[in-house]
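What follows is one structure encoded as structure tokens, with my remarks underneath.
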């Protein structure tokens with residue numbers, strides 16, 4: 001109430017932003033006559049002039065009016081398109097690092113050229129990020145003539161690209177590509193063995209197309225580079241026989257002999273006591289569990305992992321809803337777009353369990369070698385912006401997570417689409433029959449095209465079957481027909497066209513009323529001017545007929561969990577002031593209604609005695625549905641926020657490791673760095689046998705001599721030194737042993753020569769760093785999976801995760817140092833001196849291995865069975881405590897316990 005009153009007096013924040021930007025638009029428009037009078041050569045020459053002015057200290061904000069005017073004039077001449085004023089507002093929004101919400105068909109692609117041009121003047125590169133390769137290639141080729149006319153280079157990145165071509169694409173002024181490829185290149189760049197092999201040149205400025213899809217829908221999908229782990233396919237096959245023998249418990253707190261309880265809101269499964277006992281007996285009969293042993297003993301946690309995955313695969317994942325079978329493989333279906341996602345695999349053994357369930361060949365599980373999330377990939381950009389047709393419903397999340405404001409850009413022409421109220425039916429069959437009847441009614445009234453949005457492949461195929469029975473020609477666009485996606489969407493606005501699309505497959509391609517005559521022309525082998533004129537004339541007639549019939553009719557067969565996805569479907573109609581109609585058809589059996597809408601609504605509708613073919617249209621029901629969607633959106637936001645809290649911990653460690661890697665690659669020699677490692681490792685080793693501040697009687701000198709001989713291959717007469725010099729204390733001993741070890745290292749290093757020694761040092765340091773970082777990522781995965789159980793002990797899981805992960809990280813740093821020193825000392829003393837050619841070959845082999853690593857996306861959308869990793873995690877934590885070599889202060893900014901006077905993060909907290 002108060003907010004609306006204040007908004008009425010002062011205007012909303014969005015209105016104030018638009019008012020400010022319109023003043024800048026007036027400046028741009030005032031320059032148009034002057035810029036239009038320039039010759040092509042003079043117009044192109046403006047780009048080097050702007051670059052020079054920028055290098056002389058003029059800001060991009062100051063250059064904006066003139067640069068936008070130049071870009072608009074160039075677009076008029078090269079592309080035959082002039083930016084509208086609302087597109088100029090959108091361009092300003094993007095330049096200022098905000099999200100521009102612009103309705104479908106209003107020209108987001110053209111709008112993006114303005115901010116691209118202005119920010120490319122800095123010479124630091126602009127990344128334009130899209131959701132798929134098709135859109136990246138399309139937009140790059142569409143805008144290439146404009147940017148090349150203005151003297152800017154343009155590149156496109158894609159998977160399996162030649163390294164030289166990809167490096168050139170990143171060096172271009174403007175680089176197009178998918179979010180996946182940009183993210184994977186970031187990870188690959190941090191696995192290279194020389195700086196010359198890096199492709200990306202820094203994260204300066206990014207424009208994300210369909211920003212809501214990438215930053216919201218994809219936020220929970222980590223990017224992972226992985227290698228295969230041990231094969232356990234036989235276990236998946238054996239345990240796959242257990243879930244069919246189990247039955248669900250009907251109510252969570254009412255024991256009825258069920259073996260597990262399904263929480264559909266949380267999308268998780270929890271076993272009951274009877275379930276545990278039954279599974280244990282089955283495993284005993286299979287010979288996988290010893291008689292009398294507990295399933296949850298520390299030695300059997302691998303079985304828990306497999307049982308958990310098998311039950312989830314059978315209970316929570318349905319074929320043609322969550323995945324399809326294609327060429328003998330399980331292919332995940334994106335719940336937000338309905339597109340298949342080849343190459344992506346569910347994590348924690350779930351994908352293998354689904355393969356076992358479907359009787360397919362089971363692919364080995366993967367071990368993570370490098371990982372990040374889109375949240376943590378995009379946040380380091382100096383400036384980030386985005387454009388979409390639907391972001392306002394997620395504005396709070398965009399602001400809180402990414403610091404991005406959403407500006408709603410007004411339409412060029414008024415929006416006249418007729419959004420009708422939802423119709424709610426008793427069951428799905430009644431709903432589907434009503435949809436078919438509505439399609440027949442529309443067909444009888446005129447030639448209006450119809451787009452039917454479904455939530456699942458299954459629903460699209462049911463409707464397709466009913467349309468066939470009714471004799472209605474139609475096209476189906478779902479995960480099984482994705483190859484024809486662009487063609488189907490291009491003609492979905494043709495007269496009498498009926499198109500079924502799963503969620504918003506085809507997003508990014510406008511549906512033009514009357515069809516797309518240019519797409520038809522492109523299909524002809526040798527089109528003549530007569531063909532072009534004929535197709536264009538036919539389109540003009542079809543376009544007018546469709547307008548007279550009321551434009552595109554949108555029929556939603558189900559409400560999505562997110563209002564944003566529903567708005568995307570509605571947004572396909574009513575583009576650029578065209579007419580259109582939209583309506584959703586729902587049933588009490590829809591997942592959203594059944595799980596979230598509330599018993600009161602369902603009870604009321606059943607009490608009304610509705611028949612299958614009768615519908616209800618009531619404000620209370622519509623409000624209840626919207627409230628249900630808000631609840632789901634809030635829950636998903638909390639999940640993403642929680643994921644970010646944990647991944648922020650990983651991200652800080654990742655940044656330290658990657659920064660250290662860059663330093664190692666940049667140094668010509670690591671001698672000083674390695675010698676400091678020697679001293680730290682010697683200090684830690686000696687402390688194990690000669691405790692700090694202890695008396696001589698407590699010293700284990702013999703053990704120290706044995707450790708030096710066995711671990712480092714060095715014979716040192718420590719006992720003899722002590723007998724010769726009674727004043728030799730612990731500190732002096734550390735210094736003397738370190739000096740001896742380093743002296744031998746220097747001697748051997750001199751024999752090798754500086755160049756060979758430097759290459760070998762870099763090889764050992766990077767090899768150890770990468771190997772232990774990989775193991776650390778696996779340990780962090782285990783920690784993450786079981787940390788929620790600390791809540792039962794009245795501990796804060798988030799704080800516990802920070803503490804435990806820090807201990808693991810510090811332990812890893814100590815182990816890396818020990819490994820490097822051990823490898824260098826033993827290899828430098830025992831093996832022949834490698835030639836520069838051999839070392840170069842060694843590095844080449846490492847790079848080939850890195851390039852061969854499997855890229856994958858892991859999905860974490862479904863929670864595991866409660867408590868499945870407790871014991872293994874406790875064992876892991878104990879192991880970390882036992883192996884820790886350096887004291888750990890509570891804060892990384894605290895003074896280092898070694899007494900150096902440096903902060904811990906700059907001393908022993910640094911590799």
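Backbone N, Cα and C atoms are what each Cβ position is placed from, and that goes for glycine too.
Not measured: the values here are computed from a predicted model.
Annotated ATP-binding residues in Swiss-Prot are 87, 105, 106, 107, 108, 109, and among 510, 531, 542 the one listed with them is 510. Non-local neighbourhood of residue 105 (ATP binding site): 510, 575, 576, 578, each in the same chain, at least six residues away, with C-beta under 8 Å from its C-beta. Taken residue by residue with DSSP, residue 109 (ATP binding site) is part of a helix. Neighbours of residue 109 (ATP binding site), defined as other CB atoms within 10 A of its CB across all chains, total 18.
Under DSSP, residue 87 (ATP binding site) is assigned to a helix (H, G or I) in the three-state scheme. The number of other CB atoms found within 10 A of the CB of residue 106 (ATP binding site), across every protein chain shown, is 24. Other than 87, 105, 106, 107, 108, 109, 510, the residues of this chain whose Cβ falls within 8 Å of the Cβ centroid of the ATP site are, in sequence order, 102, 104, 110, 111.
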